[in-house]
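Asks: Pasting the feature list from TrEMBL:
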- B:HIS48: active site (ACT_SITE)
- B:HIS94: active site, proton acceptor (ACT_SITE)
- B:GLU92, B:ASN529: Mg(2+) 1 binding site (BINDING)
- B:ASP116, B:ASP267: Mg(2+) 2 binding site (BINDING)
- B:9-52: domain 'Phosphoribosylformylglycinamidine synthase linker' (DOMAIN)
- B:73-188: domain 'PurM-like N-terminal' (DOMAIN)
- B:201-355: domain 'PurM-like C-terminal' (DOMAIN)
- B:435-557: domain 'PurM-like N-terminal' (DOMAIN)
- B:575-702: domain 'PurM-like C-terminal' (DOMAIN)
Amino acid sequence: MKAAIVVFPGTNRERDMAIALRRVTGQAPRMIWHHETDLSGIDLVVLPGGFSYGDYLRCGAMAAHSPIMGAVRDFAAKGGHILGVCNGFQILTESNLLPGALLRNADLRFLSQDCHLRVEVEGTPFTRRWKKGDIFRTPLAHGDGNYTADAQTLAALEGEGRVAFRYADVKGRVQADDRASNPNGSVNSIAGILSENKRICGMMPHPEDLVDPLMGGEDGLPLFEGLVEALVR
Amino acid sequence: MNKPVTVDESLAREFGLTGEEYGRVLSIMGRTPSLTELGVFSVMWSEHCSYKSSRKWLRGLPTKAPWVIHGPGENAGVVDIGQGYAAIFKMESHNHPSFIEPYQGAATGVGGILRDVFTMGARPVANLNALRFGSPENPVTRRIVDGVVRGIGGYGNCVGVPTVGGEINFHPAYDGNPLVNAMTVGIARQDRIFLSAAAGVGNPVVYVGSRTGRDGIHGATMSSAEFDEDALSKRPTVQVGDPFIEKLLIEACLELMATDAIVAIQDMGAAGLTSSAVEMAGKGGVGIELNLDAVPQREPNMTAYEMMLSESQERMLMVLRPDRTELARKIFEKWELDFAIIGHLTETGHIVIKHKGQLEADIPLEPLADEAPVYDRPSIAPTKPEELGSVHAPLSLDAMLLQLVASPDLASRAWVWNQYDSTVGGQTVRRPGAADAAIVKIDDTQIALALTTDCTPRYCQADPRTGGAQAVAEAWRNITATGARPLAVTDNLNFGNPEKPEIMGQFIAALEGMGEACKVLDFPIVSGNVSLYNETRMPDGSTQAILPTPAIGGLGVLEDVSKAVGLGMQADSDLVLIGATKGQLGQSIWLREILGREEGAPPAVDLAAEKRNGDFVRAEIKAGQISACHDIADGGILVAAAEMVMASGTGCELESPDSGIRPEAFWFGEDQARYLVCVADAASFCAKAAQAGVPARLMGRSGGNDLILPSGVTISAARLKSAHESFFPALMDQ
């Protein structure tokens, strides 16, 4: 799997993502400055976390218009695999590559803590290493992670098995109005979603920050291992 | 500043200079200075920039060790951490701005200290802070806590540097003058460290970063005066931070630093363009000529005076090799940052400032630095506090414990930490609350840094000398408790008005205590900052000083990060108490929170015992004999044990003290140089300690989910946590 990480002005979790990808592929991913437009030879495009353009407009809105995003759209149209984490998820929704939007956290404060995610769909490139209902721990760190979408979109996401991850408590119970288990107030406790072809995944938490026992665990590793399996050439 | 201004002694006084200091200006210049020149003198000779009250005493601090690469005098301290790497770190205050405008005051405090570190070539890898707020009952406190926490998070989270540790105290003495001390730690290759001394006559002087606006003019002077009731009207002197620009600046500077373009570099901090230009040229023994027409400006019609004194944020000044100027320009253009050649180095030894064809300033640099005032201010030595008489516990042990873990200074800080991104960078081995010091790994190595900030202001108030020593000892102990080797210290000396002899006496005594501890513990001070005039003028004209607060930022190194231990109680272990217990309750949290008294002498600091006990603990951690370790500080043994239980959820059954000391003194006394450790077998461990001359005794046995007191009273980890975690949400979300 040849992975590329897109770096926008203000991106700040590109090194974390590079560590996780290097861990599973054995090679350093390509770092792509947002002014570039060439994605040839790439199997996986990652839009990492951070504060692109300072989040001074809506989060991700400016980055969605960067030159690289034209190439990312073409890549998506050809069936390419894309992972967007945190700010990367926001950029994907702002680019209309994923539906819905991410609002301010319900309590209006930045949140940095561990959360638990329940895997909602198995067999996708992003979740194939888990079984449906598996629970894993991952850090989150964002001010705008409160996922929302209109009723029709939600029905489609839920009906087509496109909710990849939900916030849950440690035992896997999902309760959208409980801030302890659904910290940012996301609708239906949605933490991550998939595109129609299930090749684009956006999620708010940071599995890339939990891939080493030294940092507290390897709970995030299956996501990256699964991608390597799915995208092996 | 559009109408002509007459420069005279009265204007000089308005700018914060004394009549005598203005006389020196006249004799250096040999004429009446221009407005811009007076501005330059007034900020360079302000307390904030010149350290005129403190310099004499700072010289006495230990600053050297074989591992110190650069001590005080550079933008930040630099120490050798092995394998060719250096840690670069410093702490700095933003107290006054944080009272006036808490969000921006705290945010720009973080931004400023980050620049001090990356200007030396380091990638910032960790932020910490030391915060002091007024009484929780004071309605203003909530607003300040909220703004400061949001500001620290807003800036640090955006620049992508993890905030991994810190400390918070509440006390009415900070009601009108909170303390916001921010610390940054960065990593560089030892052969890629950048200094500020300019060199090479003719070399271009380059300005990069944000544009210059009218914000923060005379900020350094404001930081050098007491607060009065008009403080809030000074809001325009508080700068506004832009962490996005700072992030770009970090990346652009580090990209340029990978080349050979930079001769010298310094951030524009307090006193902005003035201090960076003056210090760079002064250190290099060269002259500097600036053409302000070339300075990127945010607002039209700025005067030379305004540009020289602006404290607009996110700006750097560099001296470049002339043949690398275009290479540098391209890098800054890539990052969409302003880049302007605004002058060059000269052989005149003067700073010459031109604007719109006019000569605005021409000052000889040597006397500006050498004849800066240094004061040996009168002082009164602090009186020794009276020993605390006998006191008695009014409540049961378990009731007192629950009250203490819920009290403002001991309650869980999770509400605060959870607003700071502590994991970005992917190197945070121990997050806030998981160990006595934060542990941050160096990528691609097994080396990690152990980082902490410490000070116990109530001890410093009662006995500044003991309090100064204790602050250093506690930082050293917190680093030791993770298994790391303490290397060096940055300090942030927050005191009241030095023109009051009793405040000067506190300052001198605290520094004596700090210096002695640094010397005995081989823990030199490599950088720091002094913040004086932390007082509030009351409506009746009197002034209230803060508690003396010499905050210590400690840094240690672990050669093998896998050996680090946390503080969470480990199951099926013996809990061993290390260090001697006398049950000293003077100035303890117990005395204050349970009996409502702030009295007595602080616990004695025995530096020889501190070193002996700490060296033993560190060696045993390295040998794999200790699975968890927590230093005993505020609240004594019982609070420390409860904190270990809360951290992991694993309980512990405590042994009867059987010590001849009253129970409240045994359990809540704050004797120093002590640790609680989890070991496999207490008997053999204690025998080994005895051989090393280290007091050690079995204190309990871990297991289950409850803290069980010797009386048999049981408190569940969940109940402890619910008490512990209630304070901040109750204060802030009411």
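For all residues, glycine too, the Cβ spot is worked out from N, Cα and C.
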Asks: Using Cα-Cα distances with a 10 Å cut-off, which of the recorded positions B:GLU92, B:HIS94, B:ASP116, B:ASP267, B:ASN529 are near B:HIS48 (active site)?
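Replies: Near B:HIS48 (active site), where near means Cα within 10 Å, the recorded positions are B:ASN529.
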Asks: Among B:9-52, B:73-188, B:435-557, which stretch has the most Cβ pairs under 8 Å to the domain 'PurM-like C-terminal' (B:201-355)?
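Replies: Against the domain 'PurM-like C-terminal' (B:201-355), the leading stretch is B:73-188.
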Asks: Six or more residues out from either end of the domain 'Phosphoribosylformylglycinamidine synthase linker' (B:9-52), which same-chain residues have a Cβ under 8 Å from its Cβ atoms?
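Replies: Those are 1, 58, 218, 220-221, 223-225, 270-271, 274-275, 278, 303-305, 308-309, 351, 353, 360-364, 367-369, 371-375, 498, 530, 532-533, in sequence order.
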Asks: Taking DSSP three-state, what's B:HIS94 (active site, proton acceptor) in: helix, strand or coil?
Replies: coil
Asks: Please list, in sequence order, the residues in the chain of B:ASN529 (Mg(2+) 1 binding site) that are at least six apart in sequence and whose C-beta is under 8 Å away from its C-beta.
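Replies: In sequence order, the residues whose Cβ lies under 8 Å from that of B:ASN529 (Mg(2+) 1 binding site) (at least 6 apart) are B:LYS90, B:MET91, B:GLU92, B:SER93, B:ASN181, B:ASP491, B:ASN492, B:LEU493.
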Asks: Under a criterion of Cβ-Cβ distance under 8 Å and sequence separation of at least 6, what residues of the same chain contact B:ASP116 (Mg(2+) 2 binding site)?
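Replies: Residues satisfying the criterion: B:ASN75, B:ALA76, B:LYS90, B:GLU92, B:THR184, B:ASP267, B:GLY269.
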Asks: Among all protein chains shown, how many Cβ atoms are found within 10 Å of the Cβ of B:ASP267 (Mg(2+) 2 binding site), not counting that one?
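Replies: There are 27 such Cβ atoms around B:ASP267 (Mg(2+) 2 binding site).
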Asks: Do any residues at least six apart in sequence from B:HIS94 (active site, proton acceptor), in the same chain, have a Cβ closer than 8 Å to its Cβ, and if so which, in order?
Replies: B:GLY105, B:ALA106, B:THR108, B:GLY109, B:GLY112, B:VAL180, B:ASN181, B:ALA182
Asks: Cβ atoms within 10 Å, counted per site: which of B:HIS48, B:GLU92 has the most, among these recorded positions?
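Replies: Ranked by Cβ atoms within 10 Å, first place goes to B:HIS48.
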Asks: Taking every residue in the domain 'Phosphoribosylformylglycinamidine synthase linker' (B:9-52), what is their average pLDDT?
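Replies: That region's mean pLDDT is 94.
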Asks: Quick one: DSSP breakdown of the domain 'PurM-like N-terminal' (B:435-557) into helix, strand and coil?
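Replies: Across the domain 'PurM-like N-terminal' (B:435-557), DSSP assigns the residues as follows: 43 helix, 43 strand, 37 coil.
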Asks: Using DSSP, would you call B:ASP267 (Mg(2+) 2 binding site) helix, strand or coil?
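Replies: Looking at the DSSP assignment, B:ASP267 (Mg(2+) 2 binding site) belongs to a strand.
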Asks: Report the DSSP secondary-structure composition of the domain 'Phosphoribosylformylglycinamidine synthase linker' (B:9-52) as helix, strand and coil residue counts.
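Replies: Helix, strand and coil residues of the domain 'Phosphoribosylformylglycinamidine synthase linker' (B:9-52) number 31 helix, 0 strand, 13 coil.
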